[in-house]
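Working notes for the structure below.
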Amino acid sequence: MMKPKYERILIKLSGEALAGERGVGIDLKTVQEMAKEIQEVAESGIQIALVIGGGNLWRGEPAAEAGMDRVQADYTGMLGTVMNALVMADSLKQLGVDTRVQTAIAMQSVAEPYIRGRALRHLEKGRIVIFGAGIGSPYFSTDTTAALRAAEIEADAILMAKNGVDGVYNADPKKDANAVKFNELTHREVISRGLKIMDATASTLSMDNDIDLVVFNMNEPGNIKRVVFGEPIGTTVSNSSEEK
């Protein structure tokens, strides 16, 4: 069997990815299909953590722009990420995958509190860990949550699963037919070019902690496994020089 390129990964899913074609809410069939993809990777012995956004249920910034207190709006969004985490955890458990949800805001009736040592223990035992409620503080995105948790659990890579986009381009490929895809980039290039893969805080965290970032199309079955085993798909962002 091929040796995996990455042995411990954190998968970042957007909330919208759980919504299916509707674009809002949670489409259970879509979540179940994603869970199946993740299960196949877990069965290869890969240690997996997940961070899921909440944009399918709530967005804090537009709510704040409409007059809602920004802190309250962000906390509302954090609760949305917990809803997504619980649904994904249930879908994984129904496939026989041992899964734990840990939240940055304590809610003992539905999830464990986030404790780094416990999360590491779960991963070492082959359990999938889903991190919910962001980092527990307003003004921080789920991209930043993904970068922070990846650093804390010493993940080899963050897999940015994108909806219908197969990597990073120099322009929006949906609007510009001449857009060119990057196969490799450095974290510093992403920041200096202002490429919107993650927000600046998340990009800097990934760079400072030497965590690879792989951006790929999650709609293609088997792509998570392909990334883990080193197939050249999507765009890989790392601290390595482009000239290897």
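Cβ coordinates come from backbone N, Cα and C, glycine included.
For the ranges 20-25, 236-241, the feature annotated in Swiss-Prot as region 'Involved in allosteric activation by GTP' maps to 20-25. The UMP site recorded in Swiss-Prot comprises D74, I135, G136, S137, P138, Y139, F140, S141, T142 together with one of G54, G117, G126, namely G54. Neighbours of Y139 (UMP binding site) among the binding-site residues K12, S14, G55, N163, D172, defined as a Cα within 10 Å of its Cα, are absent: none qualifies. Residue pair S14 (ATP binding site) / G54 (UMP binding site) shows a Cα separation of 7 Å. Summary: among the binding-site residues (G54, G55), the fewest other C-beta atoms within 10 A of the C-beta are counted at G55. Same-chain residues that are not part of G54, D74, I135, G136, S137, P138, Y139, F140, S141, T142 yet have a Cβ within 8 Å of the Cβ center of the UMP site turn out to be G60, G77, M78, G134, T144, T145. Ranking the binding-site residues I135, Y139, D172 by how many other Cβ atoms lie within 10 angstroms of each Cβ puts D172 at the bottom.
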